[in-house]
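Following: one structure in structure tokens, then a few remarks.
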Amino acid sequence: MFTRSIGLLAFAASVTAAGCPYMGAEEARDAPAQHAGVHRRDATTDTNDFLARYELDDTDTYLTSDVGGPFSDQNSLSAGERGPTLLEDFIFRQKIQHFDHERVPERAVHARGAGAHGVFESYGDWSNITAASFLGSQGKQTPIFIRFSTVAGSRGSADTARDVHGFAVRFYTDEGNFGLSYHPGYIVGNNIPVFFIQDAILFPDLIHAVKPSPDSEIPQAATAHDTAWDFFSQQPSTLHTLFWAMAPNGIVRSYRHMDGFGVHTFRFVTDDGASKLVKFHWKSLTGKTGLVWEEAQVLAGKNADFHRQDLFESIEKQRFPEWELAVQIMDEQDQLRFGFDVLDPTKIVPEELVPLTKLGKLTLNRNPRNYFAETEQVMFQPGHIVRGIDFSEDPLLQGRIYSYLDTQLNRNGGPNFEQLPINQPRVPWHNNNRDGAGQMFIPLNTAAYSPNTLNRASPKQANQTSGRGFFTAPGRTFSGNLVRAVSSTFNDVWSQPRLFYNSLPPVEQQFLINAIRFETSNLKSDIVKNNVLIQLNRVSHDIASRVASALGLTAPAPDATYYHDNKTAGVAVFGTPLLRLDGLRVGLLTTAADTTDYTSLKSALATHNVDLVVVAEHYGGSSTTQTYAQADATGFDAVIAAADPSFFSPITSTPEFPSGRPLSILLDAYRWGKPVADLKGVFKGVAIPDGEGVIVASGADEGFVGKLVDALRTFKFLGRFPVDGKA
Ligand code: HDD
């Protein structure tokens, strides 16, 4: 029987056999087996090599045209040395034409991102709750591709912009792709398990408000402008997500340090049709942590690629990031049981009400080999679900099912985007969809319709009982009049932002308030500022008053309708020690003339997968790995002062680096809450006081390393940040 993926394999094999210079030795070794005909790769073992057959290796080859003829392309063909270029110069035309068409439209949202390959491994046989095959047995492995992103910025924007962070996972299951798009959380944390709006029809309004102003195209990757806050204050369903984004959850230390969430309620369905409601969570096995706002802002200029670099380097160094997939499982009849509607995407289901069940583990273990072919072309589609998963009636999810498929037409210029290597299922596919731009396969079935007799009724229809087909949960029923309104059970949009705020420690509450102060201070419209205060006041008079004081305005009188003192666990970003220190960087500030041997410190930190970066004025010292011209505090998670006090002067006289750089690294690290250590009696002279996360020692011995490692686990020392009304 013809299968499309087999067809392509056969093609690859035949060109290899003919000695095509594109194919590497490995491909050539594979060729006979693939050429032999039926070759179905096993999705359970095919974790990383699926794309290998598409890779082009140019080593030791001649440059060719797109159709394979060797030529040279460094000069165009002209009539005489000083004459015009000829129209017949097909070499020029092909090269320039391809270049002119290199770009596809960037994603309308989530344009800035980074991806990685990995594998999901099921902790058990979960067939008692879902028929999903990737959860069907203990140890079962399914290849995945993940893409992390920010939402508002364009493709070249800075990674550390304050934003919701995309956490989209594509499972290449043995029952077709399962593209779950997670709105992740931003920051380490519960990241952002909720969304701004309740009905997908408002998505264009939200995005138009958040994106840069249509006249000036300012500001990039930021919500600190009038249209964003105008929308937020007119559409208070945004408040809960907005609070998460303004809190430290909006500025994560790295993609590895954040959790992810499926946001919507989905359904798990068993083989016999029994269904449960579920919410998906990805729990970071690195641990959650974040940046502070000023640090994130500086990073946006110093290293716009901070997050993608962290991800790429972690994987290159084989410090594979991991998350656990967990679900909250609820009975169908519990939809309104908790005092809110579980179909409302602006609500979390507190873990105190429904605990997490851990289903498996995701490991990212391979970087893309080509950003465009993989990360830029990968598509995610919440509408692609597999047998054993079903939608809920969440109106935001319902709209997304359409939008993601539709947007691919714009990005890829036709309906065959699923045939791109990164998007192809890892199983053969058979259907009567035909033609369209970029069709890569040669369907053999001339009876491209169902039912047919001419192709022996194939491809056959699969359903719940035959062919392990997808089926909708049989228990789903609906009736009612047609209405153009959200459910009244979605009306309370103020209690949960308050729950979130109540649950933060005072310093994180302060960070949230400071972020709102920063954003609203940038607003020009007094009407918008006052509307913001009205909404904040419905959540908390304390927040409204503290923001109002910064704006020189007066908060409205308390409006206690939604005030309560409930709390939930696990929403804060700081305060829980990191589980792994992988990839953290300690900057050792020294001089090129210093001869101290830091090899043992370096090795001791390396046992925790922490990198020691030795900074000096120039290369040439025995262990220098960075110069002061490059270095600044954003590049380090902890800093050690290891040069004489005179070196940490506000003004330095060497042209090798900006004046005062060693001191500013030290002070910034302290002000941004990082562990700081002193090996040379520096701190007194620069007014760094004793306190938590401040380590003073006379040498980098074992005890010193222990203290430094403990401090890195804490990561940020929040006692250094003032809180309103407290000294
Ligand atoms: Fe969306 C991309 C997550 C609501 C329409 N969305 C996109 C990505 C993520 C999310 C992670 C990037 C995927 C990638 O890396 O390629 N979006 C969410 C979440 C939502 C959400 C968690 C709410 C719970 N989105 C949402 C709505 C709509 C869209 C309501 C439209 C009605 N989203 C899109 C889009 C994008 C997209 C315009 C841009 C590129 C793409 O889809 O493929 O169609």
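Note that Cβ sites are derived from N, Cα and C of the backbone, with glycine treated the same way.
What TrEMBL says about a protein is an automatic prediction, not a curated fact.
What TrEMBL says about this one:
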{"type": "SIGNAL", "residues": "1-17", "note": "signal peptide"}
{"type": "DOMAIN", "residues": "64-458", "note": "domain 'Catalase core'"}
{"type": "ACT_SITE", "residues": "H110", "note": "active site"}
{"type": "ACT_SITE", "residues": "N190", "note": "active site"}
{"type": "BINDING", "residues": "Y404", "note": "heme binding site"}
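Residue density at the residue listed as 'heme binding site': 18 other Cβ atoms are found within 10 A of its Cβ, drawing on all protein chains shown. For H110 (active site), other Cβ atoms within 10 Å of its Cβ number 23. Under the three-state DSSP scheme, Y404 (heme binding site) falls in the helix class. Between the alpha carbons (Cα) of H110 (active site) and Y404 (heme binding site) lies a span of roughly 12 Å. Mean pLDDT across the domain 'Catalase core' (64-458) comes to 93 in this model.
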